[in-house]
Amino acid sequence: MRTVVTWKDKSDQCIYDLTFKPDGTQLIVAAGSRLLVYDASDGTLLQPLRGHKDTVYCVEYAKDGKRFASGSADKSVIIWTSKLEGILKYTHNESIQCVSYNPVTHQLASCSSSDFGLWSPEQKSVSKHKANSKITCCSWTNDGQYLALGLFNGVISIRNKNGEEKVKIERPGGVYSPVWSICWSPSREEHNDILAVADWGQKLSFYQLSGKQIGKDRPLNFDPCCISYFTKGEYILMGGSDKQVSLFTKDGVRLGTIGEQSSWVWTCKVKPDSNYVAIGCQDGTIVLYQLVFSTVHGLYKDRYAYRDSMTDVIVQHLITEQKVRIKCKELVKKIAIYKNRLAIQLPEKILIYELYSDDSSDMHYRVKEKMVRKFECNLLVVCADHIILCQERRLQSLTFNGVKEREWQMESLIRYIKVIGGPPRREGLLVGLKNGQILKIFVDNLFAVVLLKQATAVRCLDMSATRKKLAVVDENDTCLVYDIHSKELLFQEPNANSVAWNTQCEDMLCFSGGGYLNIKASNFPVHQQKLQGFVVGYNGSKIFCLHVFAMTAVEVPQSAPMYQYLEKKMFKEAYQIACLGVTDTDWRELAMEALEGLEFETAKKAFTRVQDLRYLELISSIEERKKRGESNNDLFLADVFAYQGKFHEAAKLYRRSGHESLALDMYTNLCMFDYAKDFLGSGDPKETKMLITKQADWARNIHEPKAAVEMYVSAGEHAKAIELSGDHGWVDMLIDIARKLDKAEREPLLMCARYFKKLDHPSYAAETYLKIGDLRSLVQLHVETHRWDEAFALGEKHPEFKDDIYVPYAQWLAENDRFEEAQKAFHKAGRQKEAVKVLEQLTHNAVVESRFNDAAYYYWMLSMQCLDIAQADPAQKDTMLNKFYHFQHLAELYHGYHAIQRYTEEPFSFHLPETLFNVSRFLLHSLTKDAPLGISKVNTLFTLAKQSKALGAYKLARHAYDKLQGLQIPARFQKPIELGSLTIRSKPFHDSEELVPLCYRCSTNNPLLNNLGNVCINCRQPFVFSASSYEVLHLVEFYLEEGITDEEAVSLIDLEAPRPKQGSKWQEISSNNSQALRLDETVDPVGDTDDPFTAKLSFEQGGSEFAPVVVNRSVLRSMSRRDVLIKRWPPPLQWQYFRSLLPDASITMCPSCFQMFHSEDYELLVLQHACCPYCRRRIEEPGP
């Protein structure tokens, strides 16, 4: 540290106080009764301020720079503006000793001998507070919350903003140690407020806001008159009776003297945010000093040690950016660092530190030796076991114990010294002298070796890694490089202030100067870039640069020297430079240049660095080929050019090396088809076709499919063209291709057809199948697209496809819930098993779902299906006929039970009571021991009971209720049945005569419940029931005599032979004026019993066997066609003949199912359903 006087002035009055304006432009000085305003930069007196009548003891500027205050022995305080105008004045009862502005609120504290006052611009009056001793000094905390007062009796009183005492610090010296100056630390880094106290007990002390003392009192050996901090609190200034200003650390360690004076120093202040110090003395001297803090540091490779806060040493690892701080608590004068050693010179000793471990990244130091002795030296160097001291011309080597081992006397002043390494105790030193001599000294050798001598003084030195070259910077800022062995000057460069060799590369050095960094490789031109500071080290790609007080590691890409080597085709040297640090682009350029130069080893390393596997594979393949004996460099270089994208150069080399096919493959693989055609010229047509195909493949890959299709067609690759068109859905292109193809090209046409089907264009697919004559595929197409009409039409022309059409059609119908149509389709296709299976499933479902009307219909269809099978397959005739009768019976049962089910399950019934009565009787007579699935005897008996009671058949009703008692009755019928069973007891025990059924063959009245079933109890003739009302119809079935065929019988019936007329008892009498009828009872009726059929109805009374009515030809001839109903069953069944005994009561028979109805009932039902209620034949449909 050194001081420079900036300006100086002398007043004829004592200077008790001074203050800087916060922006540092003005200095306000209290001189006698005046205030002197100086320009802080050059000491010009701007203006004297007169306002006080007596000596001014104190002056203070507010932090905002708007006003300042002065206090005087005339007991007054004056507030001045920054324009040097007095705006306010107030007084105390005693002389003003000190003033201080609050740094936050700008409240002014003014202290006199007996009290202190607090004033702020918004207050009208000054609030004053008494003090029990004379106040000598005051200071506000950083946050403006507390004011510290220093008293003459040695006490420190800490007050809040309202003047109330919060902390009182009583010091050991008491009245014998008056507190003369105090100041709060402005540091923002401290966690607690720190108060520095200087007293006339000649001590410096530090306190916390709580009153707790920090550390011990520090002796001063003089009476302090003033104390102040630097702006950031890093240093303390103190002046007093020792007639000088001393610089202390913030911890109170004395660092040195700023300026010695001829009288007491009453005040000293630091210019804000600078290193300028103003001093005011007893004799009126005013001085502004500039403090210059010199850089104390040391560097060895990547470790840099420097002084911080004057008493600390920071060691920085320039690569990892790690830092470690060593606190010495004394002024650090010199620093030296070498390998694992660190030497620190303090005022009275030298400390030797060593690293804890040999780890290159270890940053933990410990004290190895202490050399307690005062040393005077210009330069300090540390070795493994020695300290080297440089004083003017003399070098001394001392052990760590302080024993001097050797001494060297130089011819001239030593300007530069550096350790250049070597084994322990035998290290070498490089020394540069002012007379231009450069020496090498070994620690263990008394004799210095002169390396060379130049005409100019040495400023900086460095030796290359292999110690073959020496770089020197002289006093003319010239960098000179010598060959150490030959002493030859290799080259020199101007504008250099420092130089450093690269520790990893022999031929590279860098030097700085003129704001530029210069890098030189071998004998190539210098590469420059802007950089402020001094170069002190060069390691790989990092250049260590010292700028002002900061050491930085600058990452410098070595691109420029690498390219210089590349230009000379010096690939290995360029690779070494690149290893020091270049960008990825530079590595790639090196790799490419080496590859083109066929320097494969260097290229491989460079490509490995940038992780380019493609080129590494190329190099590997070339090396393999070389091992196999290939030596054609043109071919290798052609491959390299092809990889680099230099295709035309590659093609020329391929042609030159006799490998035209490789050039052609390259162009086609790159889809450069025009170049390929030019290269090929008018060559082989096969090659041209191959090119077009490859071009089409390329167009396909780059998503230009239309162009690809056209190319495929022109190249004759129809399959690829069809596939591409089909995948993109281009039907127009597909049909064009299909129509252009010959019908013999079956495979491409089939592909077209498949795509037409996939793209939902069946008409084009059909056209294609017709072109190649593939009828089976055409049928399959119609079936898949459900174009059944076209399929049926094709099936008519080609019966062999019948199964292929109707079976899928039936399956399609079944999948779409059109089971009845599906059954018919199966039947039509000849798949009887499937047809029967569908019907059986439909029937079962209908029964389970209680759709008994549908169940009846499906059973009827099943019976007819069985009849068809019996007709078609004689082997199954008997089985199928048995099934036919069974299903016919079930159909009749379910058809009747439908009415019962609706009556019992639904709230309203559409059937007449008589119908329900007849149906329930019919069912009870028809049911065998086990009722079919779904038919409930409970429902049937319940219906019979209710309807019998309603119609007057009380006996039958009672019988039904009795039967119900033996059955399991659902809960919902429990109460109605119990109630009905009770109420029927009140009715007479007989049935209404009107309800008794009559046998139309023997005219016998049959009981309502017949044990024989639905036959007459007398003649055993089966009853014929209406399929709607279930009344017994007036029909009698008759059979033909043997020998009479059905056709003959029908023809005989159609003859209708006339019968003899009956005699009439009525006679008509006519006269001129009137007509009259007269009953003549004398006339006998003739031929009343002449009907041959009626005669045939006779039977043997009391017989248990049924005797059918058999008629001969004469009887048939006597019958009327309208009286006979014929069930014309298909073979193998016989026709059934029925004779109506009441011709006037019309009966209609359905021509499909042969069920009988009263004509009126049938017509009504047909009008309601538009079909037969039993077999659901539409009215317009013909019968079987």
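Positions of Cβ are set from backbone N, Cα and C atoms, glycine also.
The feature domain 'IFT122 first beta-propeller' is assigned by TrEMBL to 2-188, 189-292. Taken from TrEMBL, the feature domain 'IFT122 second beta-propeller' covers 297-551. Under the heading domain 'Intraflagellar transport protein 122 homolog TPR', TrEMBL lists 558-939. According to TrEMBL, the domain 'IFT122 zinc ribbon' annotation covers 992-1036. The annotation repeat 'WD' is assigned in TrEMBL to 49-80.
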Folded-back contacts onto the repeat 'WD' (49-80), same chain, C-beta under 8 angstroms, at least six residues removed: 13-14, 16-23, 28-37, 86-101, 103-104, 106, 108, 110-112, 117, 119
Across the domain 'IFT122 first beta-propeller' (2-188), average pLDDT on the 0 to 100 scale: 92
Residue distribution over DSSP helix, strand and coil in the repeat 'WD' (49-80): 0 helix, 19 strand, 13 coil
Residues of the domain 'IFT122 first beta-propeller' (189-292) by DSSP state, where helix covers H, G and I: 0 helix, 64 strand, 40 coil
Secondary structure content, the domain 'IFT122 zinc ribbon' (992-1036) (per DSSP, counts of residues): 3 helix, 8 strand, 34 coil
